[in-house]
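**Q** Structure provided below as structure tokens; questions to follow.
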Amino acid sequence: MSTHLRKLPGLLLCLLLALPAWYLGRLFPIIGAPVFAILLGMLLALFYEHRDKTKEGISFTSKYILQTAVVLLGFGLNLTQVMAVGMQSLPIIISTIATALLVAYGSQKWLRIDVNTATLVGVGSSICGGSAIAATAPVIKAKDDEVAKAISVIFLFNMLAALLFPSLGQLLGLSNEGFAIFAGTAVNDTSSVTATATAWDALHHSNTLDGATIVKLTRTLAILPITLGLSLYRAKKEHDIVTEEGFSLRKSFPRFILFFLLASLITTLMISLGVSADVFHSLKTLSKFFIVMAMAAIGLNTNLVKLIKTGGQAILLGAICWVAITLVSLAMQLSLGIW
């Protein structure tokens, strides 16, 4: 059997799990399809006995389909629009990202969490949830159970944010503009930002959704420097790319991140030339579906019992990051006169 044919059973299995997960994600956007995919994968893994037939395809999906999803994610970024609208929120975005990464780094040894899980929780909390985890996991060579743990933590606090933040914003007296920035900087995943802003709009008959989404997309750009920094750090630590001249940036930089940037530049250029943004909608949708497929593969490679036993510390780290980001986002708004 050829290499491609050996991958087919595992690919089909991930596809079959992704389809109901995608449907459930549409029904319950506050949870999201990636979480359903991981759950379905982990549940099936408890009973699944034909791993030899599907192993190669599952591994291919969790690595290469995931990287392809990140590349396609770039087609959802019009850099001109993001920079024009997101510049006001840039100081807040930088502050919240720096806070989450520093908190994750500082708490990792104290909580006795493995470095990869702490890194994934940090980038997932600070940048863009599942998409940031998807982009970072291959760079740091995270294991599937570490990815599943981080995604589960991010999901938990996404759900809490969507439920609590509209009432918190009202209690604090945030303006519509202030809440859009708050939701865009303090909520992790795009679907949860959408749910949070929509709940606020329903309460106040306003339109914060567009502003919150663009702030969120501006955060997504942080994937580039963060993944580059992590890849260089890992290369230096492992001494696997050292030459007489020093580091080779070409070898250190993950190629799929370069293609992500290229996709963003193509989108920006085409839209500036008058091409409708709707042209790229199908690629954005395909990116999301590929992430769901990859999460199904990660679920299939994850031990659910072990995840439950070892997940408490990761949840605590996620809570610390979440509270820190929330406080910094509000404090920065106050200092900048937005709130």
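Glycine residues also receive a Cβ, built from the backbone N, Cα and C atoms like all the rest.
Got these off Swiss-Prot a minute ago, pasting:
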{"type": "TRANSMEM", "residues": "7-24", "note": "transmembrane segment"}
{"type": "TRANSMEM", "residues": "28-50", "note": "transmembrane segment"}
{"type": "TRANSMEM", "residues": "57-79", "note": "transmembrane segment"}
{"type": "TRANSMEM", "residues": "84-106", "note": "transmembrane segment"}
{"type": "TRANSMEM", "residues": "118-140", "note": "transmembrane segment"}
{"type": "TRANSMEM", "residues": "150-172", "note": "transmembrane segment"}
{"type": "TRANSMEM", "residues": "256-275", "note": "transmembrane segment"}
{"type": "TRANSMEM", "residues": "290-307", "note": "transmembrane segment"}
{"type": "TRANSMEM", "residues": "314-336", "note": "transmembrane segment"}
**Q** Can you work out which residues elsewhere in the same chain, 6+ from the ends of the transmembrane segment (57-79), have a Cβ less than 8 Å from its Cβ atoms?
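**A** Those are 6-14, 131, 134-135, 137-138, 144, 217, 220-221, 223, 256-257, 259-268, 271, 277, 280, 283-284, 286-288, 290-291, 293-294, 296-298, 300-301, in sequence order.
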**Q** Mind pulling out the one from 7-24, 28-50, 118-140, 150-172, 290-307 with the most Cβ pairs under 8 angstroms to the transmembrane segment (314-336)?
**A** 150-172
**Q** Give me the stretch from 7-24, 28-50, 84-106, 256-275, 290-307 with the greatest number of Cβ pairs under 8 Å to the transmembrane segment (118-140).
**A** 84-106
**Q** Within the same chain, where does the transmembrane segment (290-307) have neighbours whose Cβ lies under 8 angstroms from its own Cβ atoms, ignoring anything closer than 6 residues to its ends? I mean 6 or more beyond.
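**A** Distant contacts of the transmembrane segment (290-307): 10, 13-15, 17-18, 21-22, 25, 33-35, 37-46, 48, 54, 58-59, 61-62, 65-66, 68-69, 72, 130-131, 134, 144-145, 147-149, 151-152.
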**Q** Which sequence positions outside the transmembrane segment (7-24), separated from its termini by at least 6 residues, show Cβ-Cβ distances below 8 Å to it?
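**A** Hits for the transmembrane segment (7-24): 31, 33-34, 36-37, 40-41, 44, 53-61, 65, 289, 292-297, 299-300.
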**Q** Within the same chain, where does the transmembrane segment (256-275) have neighbours whose Cβ lies under 8 angstroms from its own Cβ atoms, ignoring anything closer than 6 residues to its ends? I mean 6 or more beyond.
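**A** Same-chain contacts beyond the flanks: 67-68, 70-81, 135, 138-139, 223-224, 227-228.
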